[in-house]
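What TrEMBL says about this protein:
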type	residues	note
BINDING	A:Asp33, A:Asp78, A:Asp229	Mg(2+) 3 binding site
BINDING	A:Asp33, A:Thr47, A:Asp78	Mg(2+) 4 binding site
BINDING	A:Thr48, A:Asp49, A:Asp126	Mg(2+) 1 binding site
BINDING	A:Asp49, A:Asp78	Mg(2+) 2 binding site
BINDING	A:His56, A:Glu282, A:Trp334	substrate binding site
DOMAIN	A:31-143	domain 'PurM-like N-terminal'
DOMAIN	A:176-289	domain 'PurM-like C-terminal'
2 protein chains.
Amino acid sequence: MEISELGEFGLIDRLTAGLKPVNSSTVKGVGDDCAILRNRETDILVTTDLLLEGVHFDLTYVPLKHLGYKSAIVNFSDVYAMNGTPRQITVSLGISKRFTVEHIEELFAGIRLACEIYGVDLVGGDTTSSRQGLVISITCIGEAPADKVVSRSGAKDTDLICVSGDLGAAYMGLQLLEREKIASAGQKDFIPKFEGKEYLVERQLKPEARRDIIEELAKAGIVPTAMMDVSDGLSSELLHICKQSNVGCRVYEDRIPIDYQTAIMAEELGMNLVTAALNGGEDYELLFTVPLHYHEQIEKLPDVKLIGHITKADLGCAMITRDGTEIPLRAQGWNPLAAE
Amino acid sequence: MEISELGEFGLIDRLTAGLKPVNSSTVKGVGDDCAILRNRETDILVTTDLLLEGVHFDLTYVPLKHLGYKSAIVNFSDVYAMNGTPRQITVSLGISKRFTVEHIEELFAGIRLACEIYGVDLVGGDTTSSRQGLVISITCIGEAPADKVVSRSGAKDTDLICVSGDLGAAYMGLQLLEREKIASAGQKDFIPKFEGKEYLVERQLKPEARRDIIEELAKAGIVPTAMMDVSDGLSSELLHICKQSNVGCRVYEDRIPIDYQTAIMAEELGMNLVTAALNGGEDYELLFTVPLHYHEQIEKLPDVKLIGHITKADLGCAMITRDGTEIPLRAQGWNPLAAE
């Protein structure tokens, strides 16, 4: 069905049909000039992400439902990275003429699925036409008790540096998808070769936000001193934390968690594995620091790795390689505004 | 200066330099995974607008500073339309290669000026490259005491319908700008003919949000039963209020406030003046309903006009023309997803 048959309000009615807020802080969702929220006990967290076709996603190999899911997840991840809980999102879409109502329903199905799984209410947005590609702008509102909010600036000398999951897989997934796109050369019946690399594809196309880590930390009574999510690459994020906390760091190459599929793919592509793990973006894992005395407790947490420690600022930020060499960390992660 | 020289974080540093929050609810602004807000007494209002080059604005005649100003204002207007006060915004930008650092600084100067004048804090956003035109996505967070929030759904039979300012001027300003764009035919030294029509140009390029009306209403102790801002045209907005309040309405043609410049321009273009006032968008005036007993108080408010009254639902929505004919209201306002 052509979107023009429904018009803006008809499309919105269709996309938001049956939405039922699950959070008590959502007083009123879609349908007025503003959404109304009520949050009298805790602090409010706000984050926003803009995703543009051709820059952030390629619809040749990204299914619309996955794209919707991921668009929501990347925002939830930012709220978890403050040790908060995402509660509401607004979704703005710019839609070009090649999309039908069914396409946008697919995209929204992904967004709504992410909201359902993570307990988030879709409370508003804006829907308009776009002259060129698809535009997705999502703002997420979350909450956290004021004394539990974790920023990037609290890391202290001797703190332990921890990271959840593994790194570099989403980046390798992107390389794989791009390789198969080229191999397909537009053939309709082309079957891409993903065998044995399913994990990489999933990490790129359908990432999850680490709510489980936030819950584990809370259960263990640990409030990190600093935290952020790994969206631009470990190096870049570590440098942010160190800069904003006015500290330095040492991370150990042999401690960086890497999945075996990531390693195989790097080998196949002749890429340096550690570089991929340090600078590949979109992992949406949590990077955080905790005081030294949590050492034992952290070691017991499933899916959390200790990768290094914070130092005084004048020692700078470096990785210690397997052979003991110190290499300064540099932000070589994804920079959407860098020269090509 | 090329934006790639600065990169994403360099550009953000430059655009947000010297920002100082003015609202006590802003705990932390730009620079972390999320902004942190604290709002323990009042309800929170959230609205968002997506503006795309070629759809919402034409940089041939829209100066970037004005565009920035307007992008912020349209969001503030939505918060005032809930009887609230805007407090924070996030600004996401998609920037194509033809823009320099200076261009984006101009755009931001307009956004920051609007924030300064309206007392709003810029607390976050996202900045990325765009393959095609400029993309601006702004989310505004406001507040209002829970018992003062005004939605679209509270209008009651016999309520008075009021509107601030005048209508149709922004639409006529757009027609004028488009006419002069065609007349210029790309000549560099072309001087557009705006004499005697400065008000129309200003209404299109640099609208204001009606904070003053909200303040006047509060001073007079009046809480509207329903309210929204006129962004898509009076007809369209009246139909929203009536549908959501389950009522009908009568508005009187001779009561609709129209500036003389709007009338002259309609004459010149051979357009129906009332149609322009009913369906022209982007006025950002406030449309609201109040109980009948406020009649005298409303008449005393400067820049507010009584244009009709609410009826029972079964009477439908209509305009009474000067000669006493009833014409059903139809939403012919701007529909960004309609067929062209």
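Backbone N, Cα and C define each Cβ position, glycine as well.
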Task: Filtered A:Thr48, A:Asp78, A:Asp229, A:Glu282 - binding-site residues with C-beta under 8 A from chain B - done: A:Thr48, A:Asp78, A:Asp229
TODO: Compute the C-alpha separation of A:Asp33 (Mg(2+) 3 binding site) from A:Asp126 (Mg(2+) 1 binding site), stating it in Å without decimals.
DONE: 11
- [ ] State the three-class DSSP label for A:Asp126 (Mg(2+) 1 binding site), counting H, G and I as helix, E and B as strand, and everything else as coil.
- [x] strand
Task: Confidence summary (mean pLDDT) of the domain 'PurM-like N-terminal' (A:31-143) - done: 96
Task: Nearest of the binding-site residues (A:Asp78, A:Asp229, A:Glu282) to A:Asp126 (Mg(2+) 1 binding site), judged by Cα-Cα distance - done: A:Asp78
Task: Between A:Thr47 (Mg(2+) 4 binding site) and A:His56 (substrate binding site), the C-alpha gap once rounded to whole angstrom - done: 18
Task: DSSP three-state assignment for A:His56 (substrate binding site) - done: coil
Task: the domain 'PurM-like N-terminal' (A:31-143), counted residue by residue under DSSP: helix, strand, coil - done: 35 helix, 45 strand, 33 coil
Task: Cα-to-Cα gap, A:Glu282 (substrate binding site) vs A:Thr48 (Mg(2+) 1 binding site), nearest whole Å - done: 16
